[in-house]
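Undergrad: The transmembrane segment feature in TrEMBL is assigned to 32-51, 63-84, 96-117, 137-155, 201-219, 226-246. Summarising the annotation, TrEMBL assigns domain 'Cation efflux protein transmembrane' to 35-255. Taken from TrEMBL, the feature region 'Disordered' applies to 344-364, 376-412. TrEMBL lists 344-359, 376-390 with the feature compositional bias 'Low complexity'.
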Amino acid sequence: QGTIHPFRKTHRSIFGKLLQEFRLVASDRRSWRILLFGSLNLLCTGCLLMWCSSTNSMALTAYTYLTIFDLFSLITCLISSWVTMKKPSQVYSFGFERLEVLAVFASTVLVQLGALFILKESTFLQTHSVSLCSGRLLVGTFVALFFNLLTLLSVRNKPFAYVSEAASSSWLQEHVADLSRSLCGIIPGLSSVLLPRMNPFVLINMAGALSLCITYMLIEINNYNAVDTASAVAIALMTFGTMYPMSVYSGKVLLQTTPSHIIGQLDKLLREVSTLDGVLEVRNEHFWTVGFGSLAGSAHVRIRRDANEQLVLAHVTNRLLPLVSTLTVQIFKDDWTRPLLTGTLSSSSSPSAPPLGSAEGYATVSSSSLPPLLLSSGGELDPLTSTPSKPSSPPPEFSFDTPGRNVQPMVLPAPGHHTHRPYGGLGLTYGASPYTGMLNQGLARPSGGLGLGMQGLGAGFGLGMGGSRGAFISELQNCFWGVHSTASVWN
């Protein structure tokens with residue numbers, strides 16, 4: 001059914017696919033700066049690791065891990081630029097924005113694992129004395145500080161910039177914020193840098209460099225080598241505390257949760273949507289973050305039967321689209337039917353039993369006696385609504401216990417004499433009493449001699465009770481007046 005290819009296409013390996021995507025990223029000139037700083041970072045990290053092994057300083061090793069984190073941030077920046085070049089596909093309908101979220105989460109978690117490793121090694125070195133060589137300790141500190149600040153200020157890293165602003169403040173930022181407000185009260189020009197909170201990456205680099213400077217001075221002045229492990233523990237704790245809020249925020253994005261700072265805005269927009277003309281209900285709404293600053297959502301909107309679907313869809317989309325970039329709205333009309341009081345033609349339940357007809361003085365309700373509105377040409381019931389009911393539609397929402405299609409036929413008394421005469425063997429006569437003018441003033445005259453049977457008993461049961469009772473009362477009247485006439489003659 002398609003083009004026949006006589007030769008099989010060669011499948012590329014994973015390395016070949018990565019090389020192809022790398023060439024795509026390298027084709028953009030904005031990525032050249034990232035690649036340049038990445039190569040400088042590798043060179044600087046190698047020099048720092050050699051100085052760490054020569055000085056036996058655990059504090060310098062902990063500070064070098066921040067340079068390794070800068071390498072991870074540059075890789076994340078490359079991934080972010082690659083994501084902007086790729087378009088959504090059938091497999092990844094939302095695009096590749098979640099890949100940069102995964103890169104941020106992996107970078108912060110790896111740095112926290114490095115901090116835990118520093119804590120473990122520092123605890124081990126507390127019980128073992130190690131000779132330190134502080135000759136290159138101060139040089140390594142300033143080299144790492146200079147390169148880290150140069151990388152942070154020269155390369156614009158959009159994923160980490162967004163996470164540092166959206167995530168909650170670290171304990172280091174909260175403690176420095178009090179000092180920053182006091183300092184900005186003296187020097188107002190620093191408010192743009194220090195307020196409302198300082199950049200966490202710049203702060204951790206400055207705090208680590210200050211800790212290393214104190215360590216160097218204490219070792220050179222007092223030969224106090226134990227301060228190196230204490231400084232390493234302090235740098236590890238500050239690193240862990242700075243990266244933990246970012247890991248939590250990026251982890252929540254990966255779990256497709258709704259950001260806490262957007263919940264209030266979403267509730268307000270949903271209330272506005274529910275008040276639109278024609279909208280009855282908004283349900284099954286779900287909103288989640290696809291990437292940093294990208295929100296997706298879906299909702300079901302129930303509208304009136306006479307509302308315009310396209311118009312309501314346009315209004316709902318216009319309200320939600322400024323906040324939700326990827327939106328799916330399903331519009332469905334209100335679907336309900338009114339139950340009808342109908343009579344269904346049904347013969348006797350038993351084929352052998354004779355039908356209850358005019359032979360016994362009863363008349364059954366037939367289809368000709370029903371109003372023409374209740375019957376359609378095909379014999380099915382037509383609802384009183386504008387939209388016909390579907391066979392597969394759910395039961396109506398509003399039903400008030402009215403009879404449906406399986407109602408039993410209604411039996412009415414037929415005029416005339418009764419062929420079935422109870423108490424015929426007693427010699428009682430049937431017919432109207434000749435003394436209707438005198439006796440019926442206190443007694444109710446039976447109409448036709450038969451009454452309707454009870455509704456719950458069905459056809460054929462309880463129908464003769466009313467007629468027998470009327471005939472019995474009539475015979476009692478005849479007997480009473482006969483006895484009264486005989487007594488009058490005897491007197």
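Cβ coordinates are placed from backbone N, Cα and C, and glycine is handled just like the others.
Note that the structure is a prediction, hence the values are computed from the model and not measured.
Buried or exposed, and what's around them? Tell me for each listed feature.
TA: Within the chain, the transmembrane segment (63-84) has long-range Cβ neighbours (under 8 A, six or more residues past its boundaries) at 21, 24-25, 28, 30-31, 34-35, 37-38, 41-42, 44-45, 48-49, 52, 95-97, 99-100, 103-104, 106-107, 110-111, 114-115, 118, 140-141, 144, 147-148, 151-152, 155-160, 204-205, 208-209, 212, 235, 239.
Using a Cβ-Cβ cut-off under 8 Å and counting only residues 6 or more beyond its ends in the same chain, the transmembrane segment (96-117) has close neighbours at 62, 65-66, 68-69, 72-73, 75-76, 79-80, 82-83, 86, 159-160, 163, 236-237, 239-240, 243-244, 246-247, 250-251, 253-254, 290-292, 294.
Through the fold, the transmembrane segment (137-155) approaches residues 33-34, 37, 40-41, 44, 47-48, 51-52, 55, 57, 59-60, 63-64, 66-67, 70, 73-74, 77, 199, 201-202, 205-206, 208-209, 212-213, 215-216, 219 of its own chain, all at least 6 residues removed from its boundaries and within a Cβ separation under 8 Å.
Counting only same-chain residues 6+ beyond the ends of the transmembrane segment (226-246), those with a CB under 8 A from a CB of the stretch are 57-59, 61-63, 65-66, 104, 108-109, 111-112, 114-116, 118-119, 121-122, 125-126, 132, 160, 163-164, 167-173, 200-201, 203-204, 207-208, 211-212, 214-215, 218-219.
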Undergrad: Do any residues, 6 or more residues outside the transmembrane segment (201-219), come within under 8 Å Cβ-to-Cβ of it, and if so which ones?
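TA: 57, 59-60, 62-63, 66, 132, 134, 137-138, 141-142, 144-145, 148-149, 152, 160, 164, 172-173, 176, 225, 227-228, 231, 234-235, 238-239, 242.
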